[in-house]
């Protein structure tokens with residue numbers, strides 16, 4: 001029997017949420033700390049499935065680290081260079097794209113004999129554009145099942161040179177190449193083909209590389225030049241920011257049924273592009289206050305928007321369910337990459353929004369949402385996708401309860417999400 005959680009109608013939300021660490025930052029920081037010279041202490045590390053997959057992989061690759069009891073503080077002894085595996089290894093990475101893509105590139109350095117695999121859904125998530133680019137730089141990569149998809153067999157061989165990568169499907173392919181390139185023996189120039197999606201995620205990568213002592217020449221996000229033969233240097237300590245994508249649910253809840261909700265651990269100077277989600281809520285009519293270490297949102301009369309969401313694809317999902325509480329028809333554009341995430345998020349979102357009574361048009365790379373006069377009670381399928389579960393929890397901010405199937409799928413990024421939501425929720 002599938003587990004489910006029924007949320008009763010929430011009359012008001014009010015309070016403060018201390019955000020768990022960012023998934024995007026946590027997994028990048030772990031990998032760079034492992035490759036760096038010196039010992040790095042990471043604090044506010046996210047404790048979630050995706051991060052555990054990265055930690056397990058690093059452990060199997062011979063990286064020594066110690067974790068605090070709550071798994072949010074990690075001390076890592078850096079290897080001072082690429083991984084070199086002496087025996088054949090198979091690493092299981094679940095459905096963690098933030099582990100699969102960067103590790104695939106990192107294991108193309110040095111001498112390796114490693115298979116990367118994961119859950120059935122991971123084997124449906126494309127990686128061909130990354131593999132093509134790695135091969136251009138000399139890497140020895142073999143597909144073990146379906147061409148262009150994991151599992152992959154990696155044997156090193158990447159030396160640098162001129163490579164081209166398609167930027168239109170996932171920014172993680174470029175992130176993976178950028179993080180590996182400084183450790184290649186030769187210089188690397190990466191040219192971007194097509195429109196680069198999710199640019200702010202590249203900024204996270206460049207920020208972290210700089211933190212670990214490596215500069216990248218960024219030519220207007222069209223070409224990146226990286227000197228080879230470098231070494232990452234531990235910064236000693238690094239504080240992982242709160243997860244801005246996770247913040248979106250609480251800020252949206254406040255916009256719909258505040259009170260005021262304040263999220264801490266991110267602020268106006270955050271490196272994560274998903275903080276721009278707050279600007280979208282403001283455009284819809286909510287009231288936003290920015291601090292150095294917080295963002296707060298107070299309820300406002302919400303109106304529909306029509307916006308390009310390419311810069312905040314993960315947080316944009318939250319707007320799709322927030323639209324149920326806005327006046328008019330909301331249109332989210334340029335979100336094709338929803339289709340290659342944990343599930344085909346465009347199809348899933350359209351299906352589940354219709355269940356609660358919304359009128360939805362699902363396009364190739366856009367979605368329109370028109371709210372019903374009254375939301376309908378429904379069992380919401382979550383497709384083993386943490387964000388589907390969290391987005392649809394917002395339905396309870398109406399007069400209608402909602403049942404979330406497989407609520408534990410939030411463990412991918414936010415294991416105690418529903419407990420945190422309950423903390424700020426007040427019933428009538």
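Keep in mind that glycine also has a Cβ here, set from the backbone N, Cα and C atoms.
The phosphoenolpyruvate binding site annotation in Swiss-Prot covers 23, 97, 125, 172, 345, 387, 412. The 3-phosphoshikimate binding site feature in Swiss-Prot is assigned to 23, 24, 28, 170, 171, 172, 198, 314, 337, 341; the stated evidence is sequence analysis. The active site, proton acceptor annotation in Swiss-Prot covers 314.
Taking only the Cα positions, the spacing between residue 198 (3-phosphoshikimate binding site) and residue 97 (phosphoenolpyruvate binding site) is 14 angstrom. The two recorded residues, residue 337 (3-phosphoshikimate binding site) and residue 345 (phosphoenolpyruvate binding site), have Cα atoms 9 Å apart.
Across the annotated binding residues for phosphoenolpyruvate (23, 97, 125, 172, 345, 387, 412), the two most widely spaced Cα atoms sit 19 Å apart. For the pair formed by residue 172 (phosphoenolpyruvate binding site) and residue 314 (active site, proton acceptor), distance between Cα atoms is given as 13 Å, rounded to the nearest Å. Of 125, 345, 412, all annotated as binding-site residues, the residue with the shortest Cα distance to residue 28 (3-phosphoshikimate binding site) is 412.
Each residue contributes its Cα atom, and for residue 345 (phosphoenolpyruvate binding site) and residue 314 (active site, proton acceptor) those atoms are 10 Å apart. Considering only the binding-site residues 23, 97, 125, 171, 387, 412, the residues lying within 10 A of residue 314 (active site, proton acceptor) on a C-alpha to C-alpha basis are 387. Annotated phosphoenolpyruvate site 23, 97, 125, 172, 345, 387, 412; additional same-chain residues within 8 Å of its Cβ mean position, judged by their own Cβ, are 50, 95, 96, 98, 314, 341, 342.
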